[in-house]
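Below is one structure, written out as structure tokens, with a few remarks after it.
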Amino acid sequence: MFEKLQKLLKNSYSPYSNFKVAAIIKTKNGKEYKGVNIESAAFSNTICAERNAIFNAITEGVIWGDIREIHLLSKSNNNSNEFTTPCGSCRQVINESSNNKAIVYIYNFKKEIKKFTINQLLPYSFKSKDF
């Protein structure tokens, strides 16, 4: 998976932050969908790699709730050996799109992997029953 993420990282469009992120999600049937972060000069229009991959899957017909894994690799000018976890918005979307079942795998350039459940990353998520 590391090699796939590393290759995908080259597609990131991040001219402002130079912080590149690649994501590959897997559905419960094992199919993979990809995403990269894409920045805009109007920063609020930027999309994270995680949500890009999830929305790509949904666009291709994956049923909301069928996402089971997300694999992430990031690279910055400062340090590529760090582990970068998803932002809060991505954590919420990962949680919802997996029905609170996703496993998040985060890689660094030493090919080390950290594994989290989405519940570990977002223990008190907002749910549709909350409104």
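From the backbone N, Cα and C atoms, a Cβ is placed for every residue, glycine too.
Here's what TrEMBL has on this protein:
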type: ACT_SITE; residues: GLU50; note: active site, proton donor
type: BINDING; residues: CYS48, CYS87, CYS90; note: Zn(2+) binding site
type: DOMAIN; residues: 1-129; note: domain 'CMP/dCMP-type deaminase'
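Excluding the listed site residues CYS48, CYS87, CYS90, the same chain places ALA49, GLU50, ARG51, PRO86, GLY88, SER89, ARG91, VAL93 with Cβ atoms within 8 Å of the centre of the Zn(2+) site Cβ atoms. Fewest Cβ neighbours within 10 Å among the binding-site residues CYS48, CYS87: this applies to CYS87.
Model confidence over the domain 'CMP/dCMP-type deaminase' (1-129) stands at 94, taken as the mean pLDDT rounded to a whole number. In sequence order, VAL21, ALA23, ILE25, GLY35, ILE70, LEU72, PRO86, CYS90, VAL93, ILE94 are the residues of the chain that are 6 or more apart from the residue listed as 'active site, proton donor' and have a CB within less than 8 Å of its CB.
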